[in-house]
Amino acid sequence: PEEAMHRRPQEAPPLERGAPESLWRRGPRPPRSPAPAAAAARSEPSTSSLPPPLENAAFEEYYKEQRIVHEEEWDAFMSVLRKPLPATFRVNASCRFLKDICSRLENDFRRSLENEVSDECGEYALSPLPWYPGNLAWHLNLSRKQLRKNPALESFHEFLKHESEVGNVTRQEAVSMVPPLFLNVQAGHHILDMCAAPGSKTFQLLEMIHQSKEPGLLPTALVIANDLKVQRCDVLIHNTKRMCTANLIVTNHEAQSFPSCSLAKDDSEAYKDHCKPQRLEFDRVLCDVPCSGDGTLRKSHDLWRKWSSSMGNEFHLLQVNIAMRGIALLKVGGRMVYSTCSMNPVENEAVVAELLRRSGSSVELLDVSTELRELVRRPGLGTWKVNDRGSWFQTHEDVPDSRKNVILPSMFPSSTSIHESHKVYNSFDVNSEYNVPFSRNFNIEDTNNVNCDTGGISSSNSAQSLDSKFPLHRCMRIVPHDQDGGAFFIAVIHKLSLLNENQVIKVRKTENLLSKNRTVKLQEQN
Ligand SMILES: C[S@@+](CC[C@H](N)C(=O)[O-])C[C@H]1O[C@@H](n2cnc3c(N)ncnc32)[C@H](O)[C@@H]1O
């Protein structure tokens, strides 16, 4: 499924989760299916030329059950998911022509498109995204019909095409711009982008380190951008080349076993007998993991047909392992952002809870409610369920033995895994350390009855004991109908002290023991 979710064509322009093609490319599309006449001649129905239906009953059942949004919002949520995404782009904050580009956008294009109001939502055709610092990110909200008839758009289109080619502008989905912003990158930082291809967030990180340099000096910062797939590393290199940077290294590893690197002033020093090379630790880690990708449904039309609840379950452990490696490589005092373009709590809150469980008091989940205040986001969920082959489970104990090695304790919000963790981490008191005030920018009144951590107030139909004890409301879920975009999940983790390797190993041992016991039981049953 990862392949399915994240395949991006090599020839695609340098953008991730891009804008609808119609908004950026002119001219007729190449035919994608046999002409209807040819199909008719073979007596076949020409269904392949029809757009895929934007329906999936299992998807609706799943997210209704998870109470991802308020019941009354359901129709708005689904209706926005079926609409094309507005095109969005970002001006390169470190480019030489920043002032000129901003002025053209503000004074030329915005004005010439002023009278052009989006057909459907009545918004201005071209406007900056209010939450992006410095008015550097913009969205274009026009229907195809409007695009065709407006001559001002021709020159705007040419402008965007040219500025994108030279690296002054990057087309990128709005929600995908969010995770790097929460990294709070500073001059001189060492940054690891663990799952980086096709590189739109890497590009953003590069902009940040080049922007914060002293005039006339090259930045001392470093970005290591990693991806598992070599072909996708090619796309990453192609896309980041536009930045003309000397501060980027692209690597090709499994992120979950990303190697420890050494720093040395020069080779001779590194190889001196008594010289212990310094370990490279990262001030910032971006962990934008592979996921089921259902936050991209507005542009991934195929996904409507392919989506199933098992996709999220399949990614969960890989996501935990990648993020744990990220925490291990992070400097004490450093920040890691965990993000997915999925709405699924099993890939999101469950992963974050497991990171907190495994890392104990070495990390904290940051409350970033005062950062990017204009960005509308919802608090992470405090409780959720796990679906396996059509059955719903609230605790791991409810899962049939035959499935217990696929449906893991860490996928559940509470009970078993937390108690298990208590057994493993005697010194780690989840109740005292994580019982913190509720904070978010989404009005609590508006989320009444919505599945969210209510800061100690149990939601109406779930028992208190089934809620997570971690402050998962500090996570952020961006849903499509709040800002007419895609969906994204973001959590910001702060490292307080070195990981106790024993704790991590102990948890792994417990898991292995569990699955061994299961295997023995299964063998006995057979
Ligand atoms: C969500 S995409 C990343 C998008 C990227 N951060 C961006 O903004 O352009 C996830 C990426 O993870 C890569 N990937 C999958 N499994 C991986 C693994 N085990 N280690 C590292 N990368 C992996 C995929 O090839 C894919 O490019």
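Even glycines carry a Cβ here, placed using N, Cα and C.
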Per TrEMBL, member of ASP227, ASP234, ASP302 binding S-adenosyl-L-methionine alongside CYS195, ALA196, ALA197, PRO198, GLY199, SER200, LYS201, ASP288: ASP227
For ASP288 (S-adenosyl-L-methionine binding site): DSSP state (helix, strand, coil): strand
Span of CYS195, ALA196, ALA197, PRO198, GLY199, SER200, LYS201, ASP227, ASP288 around S-adenosyl-L-methionine - largest C-alpha separation, Å: 13
GLY199 (S-adenosyl-L-methionine binding site): tally of other CB atoms within 10 A of its CB: 30
